[in-house]
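Listed features, source Swiss-Prot:
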- 405: active site, nucleophile (ACT_SITE)
- 458: active site, proton donor (ACT_SITE)
């Protein structure tokens with residue numbers, strides 16, 4: 001036989017060190033005719049088969065006892081479809097040869113992936129069930145440009161890296177292979193000889209499903225069908241919509257009482273979804289559900305960005321949960337972590353033996369606070385991986401919004417770093433220009449492709465224009481968490497009321513910058529961990545005063561301009577900090593009616609009242625929607641303002657942050673007439689003292705605070721009241 005393969009090539013193939021298997025394996029034209037070569041470890045006999053007739057065309061010669069076979073097909077000149085009949089351990093198996101198939105990735109896809117402009121890279125990369133030339137199987141593609149060899153290993157080939165080495169597309173650095181017979185539900189990984197000659201096993205960055213920790217294999221499963229955005233869901237995200245978010249960690253919202261094990265996605269659909277709906281929330285926000293190895297990271301150190309965690313069920317179970325939320329009228333927000341990833345060896349870290357996804361210099365690529373690695377946003381393929389992921393969750397799962405975690409750590413090169421521990425940008429500044437461009441590009445693409453979905457930024461500095469359009473120099477987010485408001489108001493509320501008069505500005509300062517961004521007011525998971533205490537436990541005084549303070553604070557928060565966010569457990573005033581390894585303290589709501597029931601009823605009424613009255617949400621980001629009536633009564637710690645809708649209808653909000661009732665408290669108003677109390681956090685319904693105004697109160701033509709008409713109210717102790725003007 002001519003064109004005999006060099007012994008060194010055979011040795012390299014068998015040892016798994018040969019980078020170009022398609023140049024040797026499969027069908028080739030040689031001077032002797034059509035030659036078929038195959039690497040089939042442990043096989044004893046191999047024939048080339050005519051598929052239509054089952055006729056044996058030629059027996060391949062075993063050139064190496066370790067499994068290398070070769071043979072010339074007599075009387076054939078042109079390539080044709082064939083199969084291999086392989087005898088393993090005395091049993092014959094009919095297989096299709098993976099090395100008879102041509103390149104998989106189309107030239108346009110390869111070009112877009114290399115340019116980093118492929119809108120949906122997950123439709124090409126990863127594992128996809130496919131049929132090629134009438135043969136069913138799975139096509140695998142992975143970006144690893146510096147690897148010396150990459151193989152697919154899995155349940156279909158005994159996890160043997162010799163059996164399925166891949167083809168390198170040099171123009172893109174992508175390795176590809178179609179494996180006949182590999183099917184949905186099978187586990188796989190990529191085995192590679194990395195740039196340094198080390199053998200590595202890597203999970204698929206684009207895996208759509210993965211094993212539950214501590215196992216780390218990827219799972220073949222098809223792309224989920226696209227989810228249509230409904231007009232109702234789009235409207236629920238808009239600036240003038242009532243948005244009240246229930247933030248949830250699925251692993252600890254509620255657990256099975258007999259074994260402390262998690263509820264499944266489907267059980268959560270049956271329990272969490274109706275509860276959130278009954279409580280009057282409009283949105284569910286889920287702490288990250290991308291696959292992650294460490295429970296204690298709460299999902300914020302993901303290794304499988306395209307795979308919903310298997311802790312609570314399958315990918316389809318997660319889709320069922322989202323569908324249930326939508327059916328209940330709830331939009332779903334997913335916490336998304338494009339800022340960093342963990343150092344676990346099976347995942348993205350040094351993926352092909354080089355710093356492929358991360359920066360090579362630890363001053364740029366290592367986050368010392370979290371022992372994680374920082375994405376290299378300036379690398380086109382990395383940015384494309386992340387932008388595509390954002391679109392994937394919205395298009396393929398029906399996620400309505402993404403809340404982007406730790407934006408400040410992305411956009412500042414010196415974030416949490418001392419002098420000398422960071423590298424300035426090309427202009428000598430501290431901004432991470434590549435990260436800023438990545439965020440702008442992500443928000444632009446989402447706005448173009450899925451216009452009803454929105455993004456929210458957790459950004460802890462005063463970086464300008466986070467929620468402003470890109471053409472105005474902004475980052476292009478729709479909303480930004482108002483962490484300054486949260487810190488100021490909690491600092492105020494934890495004070496003994498006798499000292500609050502000296503810190504009055506902590507409640508008023510937020511309005512000085514309120515219209516610089518589109519704010520969400522967050523009482524998030526970060527405020528009930530790491531020794532900060534629960535929200536309830538931060539309130540001063542005895543038990544009665546703690547609950548009264550909390551109710552007054554919630555009444556203030558729900559009335560203040562901005563969308564609302566409350567972490568689970570806070571809606572019924574859980575007394576201890578959040579523990580991700582245990583259920584919420586639902587036992588607090590067992591037995592007779594108590595203060596916890598009162599807070600729960602209040603939050604429900606706040607949500608329902610807030611949603612019903614447009615004045616409370618329609619003009620959150622328009623100065624016309626808010627006006628102070630009493631802003632300077634710091635001696636009595638009283639604050640009064642109005643919220644206003646587009647038609648000029650007003651709601652008066654009055655807060656008394658001392659335990660002293662204020663009788664006959666007079667203040668000027670804009671609209672004379674009869675005002676009805678629609679919410680009172682001191683109501684007996686919420687286990688308050690039930691002080692108030694007997695339902696309605698009429699204005700007087702008595703000048704006050706620079707206005708011709710005024711109201712005289714009873715302001716209950718440690719309470720917030722809302723009043724609406726009734727038609728004459």
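Even glycines carry a Cβ here, placed using N, Cα and C.
A gap of 5 Å separates the Cα atoms of residue 458 (active site, proton donor) and residue 405 (active site, nucleophile).
Neighbours of the residue listed as 'active site, nucleophile', defined as other CB atoms within 10 A of its CB across all chains, total 19. In this structure, residue 405 (active site, nucleophile) belongs to neither helix nor strand by DSSP; it is coil.
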